[in-house]
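Shown next, in structure tokens, is the structure this report addresses.
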Amino acid sequence: MAAMAVGGAGGSRVSSGRDLNCVPEIADTLGAVAKQGFDFLCMPVFHPRFKREFIQEPAKNRPGPQTRSDLLLSGRDWNTLIVGKLSPWIRPDSKVEKIRRNSEAAMLQELNFGAYLGLPAFLLPLNQEDNTNLARVLTNHIHTGHHSSMFWMRVPLVAPEDLRDDIIENAPTTHTEEYSGEEKTWMWWHNFRTLCDYSKRIAVALEIGADLPSNHVIDRWLGEPIKAAILPTSIFLTNKKGFPVLSKMHQRLIFRLLKLEVQFIITGTNHHSEKEFCSYLQYLEYLSQNRPPPNAYELFAKGYEDYLQSPLQPLMDNLESQTYEVFEKDPIKYSQYQQAIYKCLLDRVPEEEKDTNVQVLMVLGAGRGPLVNASLRAAKQADRRIKLYAVEKNPNAVVTLENWQFEEWGSQVTVVSSDMREWVAPEKADIIVSELLGSFADNELSPECLDGAQHFLKDDGVSIPGEYTSFLAPISSSKLYNEVRACREKDRDPEAQFEMPYVVRLHNFHQLSAPQPCFTFSHPNRDPMIDNNRYCTLEFPVEVNTVLHGFAGYFETVLYQDITLSIRPETHSPGMFSWFPILFPIKQPITVREGQTICVRFWRCSNSKKVWYEWAVTAPVCSAIHNPTGRSYTIGL
């Protein structure tokens with residue numbers, strides 16, 4: 001009946017629903033709504049004014065059907081086109097016991113009937129501070145049924161009483177809630193989802209009013225599992241031609257919600273009576289088509305958003321051909337390497353020596369040869385002579401290198417099939433070039449590899465890269481917390497999945513504070529006793545009430561002088577997609593109050609066979625130390 005169903009957001013068009021409080025003729029209404037261009041209908045499952053009695057006689061045994069027949073629509077239509085709504089009189093957290101008990105029974109009746117119909121989603125209101133019993137009834141329903149419905153909690157972006165203009169300024173108000181103003185509704189949601197133990201089936205339907213809160217409040221909401229945004233017709237303005245439009249601030253919010261692929265629900269009567277109701281939907285389509293186009297990084301990362309991957313271990317494992325292929329497609333990385341090698345060659349070889357001074361350049365971890373090609377291009381660009389060694393431990397990639405040498409490179413390049421730490425070089429290098437960095441800089445063991453290879457670098461030799469630094473930032477993300485929680489493996493400790501890092505394209509998250517530098521490594525390392533173990537303490541000021549779920553890791557590297565690569569958001573190399581950030585989760589979410597400081601301790605540890613990280617939060621409260629002795633995750637040497 002409709003082109004798209006609930007849960008079908010994606011692609012270029014907007015997925016949208018129409019919210020109605022009363023639907024006398026369901027099939028006719030659904031047809032009319034579909035004709036207007038909407039994909040689904042939000043409607044009460046029972047008549048909103050039909051208060052059932054479950055406790056007292058005689059009303060308890062009132063004869064006749066409780067609601068309309070499921071035969072009015074096909075099973076497929078119930079499954080895809082209808083979102084159920086709870087009757088407005090149901091108040092399971094009422095202080096009046098009779099109302100509470102009756103509401104519990106009515107709520108279960110409506111949820112069970114929704115499950116019987118196979119509804120894809122059910123809308124429930126969160127409109128007060130105490131929703132504890134609502135959470136209990138819903139959790140019990142989720143755990144007892146065999147249905148798969150989603151539950152969308154309808155939460156206002158700004159609490160209704162915050163918009164009252166009848167309150168005299170500075171006069172005391174009667175409400176006694178702990179949180180006021182912009183914080184309030186997020187705290188309702190946060191407490192509710194905590195009571196429901198972060199159930200993946202409970203999401204947010206965010207109701208957007210005419211007044212918007214400050215940016216940090218909006219940022220925080222965008223780290224939540226928002227499945228729908230409810231737009232009342234009353235928030236639309238009118239343009240010169242009489243069509244509904246939104247303010248610039250609202251448009252910016254819609255653009256950000258579109259990135260999260262939320263579905264939009266239009267509620268309320270037509271406030272632009274001379275225009276068709278579908279003009280509200282047409283305006284959303286217009287916004288969708290006119291949003292900023294995705295950049296190269298976003299295009300590359302499409303489909304990988306919030307998808308957890310285990311970090312590569314190229315030292316312990318031999319990479320596959322396709323893995324090399326993906327990294328070789330990066331347009332920025334190799335041009336930066338070429339620029340760094342070019343500058344280095346010009347600095348090391350003066351113009352008058354360009355025909356006699358042959359620089360020995362060693363590519364350590366040559367893979368399938370992209371750095372060898374970048375080096376050859378740099379030498380040609382600089383008009384300097386080089387002699388190249390391509391050192392690679394993966395015997396499969398060596399086949400590719402030998403083919404390159406036979407077909408293209410010739411005697412200028414010597415291919416060496418060996419681990420760089422064990423290779424006995426025939427001569428010392430002027431320049432060593434490597435691409436051994438992971439998302440957290442040193443997590444693919446670049447320090448250990450380059451330290452093991454620097455004995456064949458001349459005393460005045462140069463390493464490209466010369467330095468790299470890892471960065472950490474605290475983040476909040478229900479989505480990522482649930483993704484990590486779902487990674488539990490049968491024969492391992494039940495919390496082992498929280499003691500390992502993940503490479504992930506961060507998407508549905510809120511960064512709580514700016515990234516700070518963690519560990520720095522420099523090459524060549526001239527310390528008499530080389531020790532790559534590290535320990536750091538980082539303190540992050542937090543300016544908003546929130547919840548901590550883990551830490552995002554990034555890195556920056558100086559290839560040579562002013563030539564750099566970075567995945568830190570503030571300095572990210574434009575268009576570079578070789579690395580996604582890394583995520584270090586924590587076992588238990590930690591509530592953080594506005595003005596508090598998050599303190600994290602981070603260790604880099606090692607023994608003769610492996611390297612691992614350990615981490616712990618020590619403020620505002622203490623967590624357990626994660627991954628002690630590398631019990632859940634190590635990187636093999």
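In case you wondered, yes, glycine gets a Cβ from its N, Cα and C as well.
According to DSSP, LYS333 (S-adenosyl-L-methionine binding site) is assigned to a helical segment. LYS333 (S-adenosyl-L-methionine binding site) has a Cβ environment of 24 other Cβ atoms inside 10 Å. Marked as S-adenosyl-L-methionine binding site by Swiss-Prot on the basis of experimental evidence: TYR324, LYS333, TYR334, GLU392, ASP419, MET420.
Look at GLU435 (protein binding site): DSSP puts it in coil. Taking a C-beta cut-off of under 8 Å and a sequence gap of six or more, GLU435 (protein binding site) has these contacts in its own chain: LYS333, TYR337, GLY365, GLY367, LEU371. Residues or ranges marked as protein binding site by Swiss-Prot: PHE327, GLU435, GLU444.
Annotated domain 'SAM-dependent MTase PRMT-type' per Swiss-Prot: 308-615, in sequence order, evidence recorded as sequence analysis. Mean model confidence of the domain 'SAM-dependent MTase PRMT-type' (308-615) amounts to 96 (pLDDT, 0 to 100 scale).
Annotation comment: Swiss-Prot describes 13-292 as region 'TIM barrel'.
Sequence annotations record features per position, and here Swiss-Prot assigns region 'Beta barrel' to 465-637 based on experimental evidence.
Across the region 'Dimerization' (488-494), DSSP classifies residues as 0 helix, 0 strand, 7 coil. Per Swiss-Prot, the feature region 'Dimerization' maps to 488-494.
Marked as site 'Critical for specifying symmetric addition of methyl groups' by Swiss-Prot on the basis of similarity to another entry: PHE327. Sequence-distant neighbours of PHE327 (protein binding site) (same chain, 6+ apart, CB under 8 A from its CB) are LYS333, GLY367, PRO370, SER578.
Sequence-distant neighbours of MET420 (S-adenosyl-L-methionine binding site) (same chain, 6+ apart, CB under 8 A from its CB) are LEU364, GLY365, VAL391, LYS393, CYS449, GLY452, ALA453. Here the binding residues for S-adenosyl-L-methionine are TYR324, LYS333, TYR334, GLU392, ASP419, MET420. Their largest Cα to Cα distance works out to 24 Å.
Each residue contributes its Cα atom, and for ASP419 (S-adenosyl-L-methionine binding site) and GLU444 (protein binding site) these two points are 15 Å apart. Packing around GLU392 (S-adenosyl-L-methionine binding site) is summarised by its Cβ count: 25 other Cβ atoms lie within 10 angstroms of its Cβ, all protein chains included.
Rounded to a whole number, the C-alpha distance linking GLU392 (S-adenosyl-L-methionine binding site) with GLU444 (protein binding site) is 15 angstrom. Within its own chain, TYR324 (S-adenosyl-L-methionine binding site) has GLY367, ARG368, ALA397 as residues 6 or more apart in sequence whose C-beta sits under 8 angstroms from its own.
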